[in-house]
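Participant: Below is the structure I would like to discuss, written out as C-alpha cells.
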Amino acid sequence: MWAFPELPLPLLVNLFGSLLGFVATVTLIPAFRSHFIAARLCGQDLNKLSRQQIPESQGVICGAVFLIILFCFIPFPFLNCFVEEQCKAFPHHEFVALIGALLAICCMIFLGFADDVLNLPWRHKLLLPTAASLPLLMVYFTNFGNTTIVVPKPFRWILGLHLDLGILYYVYMGLLAVFCTNAINILAGINGLEAGQSLVISASIIVFNLVELEGDYRDDHVFSLYFMIPFFFTTLGLLYHNWYPSQVFVGDTFCYFAGMTFAVVGILGHFSKTMLLFFIPQVFNFLYSLPQLLHAIPCPRHRIPRLNPKTGKLEMSYSKFKTKNLSFLGTFILKVAERLQLVTVHRGESEDGAFTECNNMTLINLLLKIFGPIHERNLTLLLLLLQILSSAVTFSIRYQLVRLFYDV
C-alpha cells in the first residue's frame, strides 16, 4: 500500500513560503488595481453587460510573487553544504538547474508582460518562448546532455531498444516550451479558465511528483515540487480574483509564465511525455483550432463565445466570410469537419447569399455546440471538469497502459 512520503526540510520550507505567497497574491492584486487602470492596462469583459474597466495583465503580480518566493528559497536545498562535515562536494549541477530554470521563467514573464503592453502579433508570440527557452536548453546540455530515448515496444524491431535523437531532442524540447506557453493562451477567453486549467495541471503534477518520490528519480521530482508548489498557491490566489465574475484579467503574462513553468519542470524533471499527457484538452484544442490558426479558414481577432443578453448564457461565436474567398483546402476542411459534426456551418448568409459562417473552432465553442447555451460560470466548471478527467486518464496511461509500450 502506498504511504505518503516523508518530505525533506527544503520542501517544507517551500510549502510555508508558498502559503505566504498565496496570501501576498490575494492581497497585492486589489492593492495594485488602480495602478494598472491608471496605466491603461485594463479592458472590458466582452461577455458582460457592464462596461466596467477591469485591470489586465495580473499574471505579472502572480509571477513576481512566485519569483520572490523562489529567490528567497534558493539557499535551502543546499543547507547541508553550509556545514562542511555534511557536504562532500557542492552540487553545482543542481544549483545551475535551479538558476537556469528561474532565468527561463523570469524571461518569459518579462516577454509576456511586453506582449500585454505592446499587443504583439501571433508570429511574434511564437518567437518569445523560443528565446526564453534557450537558457533552459543550455542547462540541459551542460548538466545532462543525454539525447537517447527508449523506443516503444511496437517500434523496437525497426529502431532497436535505444535511439539517439541528437539535436532533434533539443528541437523537441524547444517546441515543447513553445507549445506549453501558447496552449494555455489559445484555450482562454472566459472567467477563470486560464488560471483554473493551470491550477488543475499543477495539482496533477504535484500528485505525480509525490507518488514518484519513492521511485528511482526522487531528486528530479523534488526539483519539480520546488516550482510546482509555489506555482499552485500563487495561481490559486490569482484565481480567487479571476473567478466569475472576474475582477481582474490574467493577461498573456500569466499564460506564458504558466506554460514556461510547466516546460521547465517537464524538461529538467525528465517527464516531458507525462507532462504532455496532462495537456490532453490543450492538445485537442490546438489541433481543432489549427485550420483557423493557419488561416485555412478565416480567423477573427476574438474567438470567445458571445453573450445572449436575454438569457444571460454564452452561445457559439462565428466566423463569417465570403464563400468564394475560401481556398480549396479550407473548403475541404470545412466539409470534413461538418460531416464529423465538429462545426456548425450556415451557407448562403446575407441578402445576396454570398457569405458562409461557421462556429469558431475552439474547444469552448465545441462544448457549446454539444450542450447548447451555458452560463459562463458553468462553462468554466465544465472545462475544468474535463481537465480533471484528462488528468485521471493520464494517470491511467502512466501507470497501466504504459506496460504495453515500455518495460516497467
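Cβ from N, Cα, C; glycine included.
Reproduced below are the annotations present in Swiss-Prot:
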{"type": "TOPO_DOM", "residues": "1-10", "note": "topological domain 'Lumenal'"}
{"type": "TRANSMEM", "residues": "11-38", "note": "transmembrane segment"}
{"type": "TOPO_DOM", "residues": "39-58", "note": "topological domain 'Cytoplasmic'"}
{"type": "BINDING", "residues": "Gln44, Asp45, Leu46, Glu56, Asn191, Arg301, His302, Arg303", "note": "UDP-N-acetyl-alpha-D-glucosamine binding site"}
{"type": "TRANSMEM", "residues": "59-78", "note": "transmembrane segment"}
{"type": "TOPO_DOM", "residues": "79-91", "note": "topological domain 'Lumenal'"}
{"type": "TRANSMEM", "residues": "92-118", "note": "transmembrane segment"}
{"type": "TRANSMEM", "residues": "122-143", "note": "transmembrane segment"}
{"type": "BINDING", "residues": "Lys125, Val178, Phe179, Cys180, Thr181, Asn182, Ala183, Ile184, Asn185, Ile186", "note": "dolichyl phosphate binding site"}
{"type": "TOPO_DOM", "residues": "144-166", "note": "topological domain 'Lumenal'"}
{"type": "CARBOHYD", "residues": "Asn146", "note": "N-linked glycosylation site"}
{"type": "TRANSMEM", "residues": "167-186", "note": "transmembrane segment"}
{"type": "BINDING", "residues": "Asn185, Asp252", "note": "Mg(2+) binding site"}
{"type": "TOPO_DOM", "residues": "187-192", "note": "topological domain 'Cytoplasmic'"}
{"type": "TRANSMEM", "residues": "193-213", "note": "transmembrane segment"}
{"type": "TOPO_DOM", "residues": "214-218", "note": "topological domain 'Lumenal'"}
{"type": "TRANSMEM", "residues": "219-242", "note": "transmembrane segment"}
{"type": "TOPO_DOM", "residues": "243-250", "note": "topological domain 'Cytoplasmic'"}
{"type": "TRANSMEM", "residues": "251-269", "note": "transmembrane segment"}
{"type": "TRANSMEM", "residues": "272-293", "note": "transmembrane segment"}
{"type": "TOPO_DOM", "residues": "294-375", "note": "topological domain 'Cytoplasmic'"}
{"type": "TRANSMEM", "residues": "376-400", "note": "transmembrane segment"}
{"type": "TOPO_DOM", "residues": "401-408", "note": "topological domain 'Lumenal'"}
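Help me understand the surroundings of these features in the structure.
Facilitator: Confidence across the topological domain 'Cytoplasmic' (39-58), taken as the mean pLDDT and rounded to a whole number, stands at 89.
The 10 Å shell around the Cβ of Leu46 (UDP-N-acetyl-alpha-D-glucosamine binding site) contains 13 further Cβ atoms across the protein chains shown.
Cβ atoms under 8 Å from those of the transmembrane segment (59-78) belong to residues 9-10, 13-14, 17-18, 20-21, 24-25, 28-29, 32, 90-91, 94-95, 98-99, 102, 105-106, 109, 112-113, 116, 226-227, 230-231, 234-235, 237-238, 250-258, 261 of the same chain, restricted to positions at least 6 beyond its ends.
Sequence-distant neighbours of the transmembrane segment (92-118) (same chain, 6+ residues past either end, Cβ-Cβ under 8 Å): 41, 56-57, 59-60, 63-64, 66-67, 70-71, 74, 77-78, 124-125, 128-129, 131-133, 135-136, 138-139, 142-143, 177, 181, 219, 223, 226-227, 251-257, 259-261, 263-265, 268.
Residues 93, 96-97, 100-101, 103-104, 107-108, 111-112, 115, 170, 173-174, 177-178, 180-182, 185, 252, 256, 259-260, 263-264, 267-268, 293 of the same chain lie 6+ residues outside the transmembrane segment (122-143) yet bring a C-beta within less than 8 angstroms of a C-beta in it.
Neighbour list (Asn185 (dolichyl phosphate binding site), Cβ cut-off 8 Å, at least 6 residues apart, same chain): Lys125, Glu194, Asp252, Cys255, Tyr256, Gly259.
Cβ neighbours of Asn146 (N-linked glycosylation site) (same chain, under 8 Å, six or more residues apart in sequence): none.
Note on the transmembrane segment (167-186): residues 104, 108, 125-126, 128-130, 132-133, 136-137, 140-141, 147, 149, 194, 197-198, 252, 255-256, 258-260, 262-263, 266-267, 272, 275-276, 279, 282-283, 285-286, 289, 293, 362 of its chain, located 6 or more positions outside it, place their CB under 8 angstroms from a CB of the stretch.
Under DSSP, the residues of the topological domain 'Cytoplasmic' (187-192) split into helix, strand and coil as follows: 0 helix, 0 strand, 6 coil.
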Participant: Sorry to bug you, but what's the C-alpha spacing from Ala183 (dolichyl phosphate binding site) to Arg303 (UDP-N-acetyl-alpha-D-glucosamine binding site), rounded to the closest Å?
Facilitator: 15
Participant: Which one is it: of the binding-site residues Phe179, Thr181, Ala183, whose Cα lies the shortest distance from the Cα of Arg301 (UDP-N-acetyl-alpha-D-glucosamine binding site)?
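Facilitator: That would be Ala183, the closest of Phe179, Thr181, Ala183 to Arg301 (UDP-N-acetyl-alpha-D-glucosamine binding site).
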Participant: Do any residues of this chain, six or more beyond the ends of the transmembrane segment (376-400), have a C-beta under 8 angstroms from a C-beta of it, and if so which?
Facilitator: 47, 187, 190-193, 196-197, 200-201, 204, 207-208, 244, 274, 277-278, 280-281, 305, 307, 313-314, 363-364, 367-368
Participant: Thr181 (dolichyl phosphate binding site) to Glu56 (UDP-N-acetyl-alpha-D-glucosamine binding site): how many Å between their Cα atoms?
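Facilitator: Between the alpha carbons of Thr181 (dolichyl phosphate binding site) and Glu56 (UDP-N-acetyl-alpha-D-glucosamine binding site) there are 18 Å.
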Participant: I'm a bit unsure how to read this: which one of 11-38, 193-213, 219-242 has the highest number of Cβ pairs shorter than 8 Å with the transmembrane segment (272-293)?
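Facilitator: Most contacts with the transmembrane segment (272-293): 193-213.
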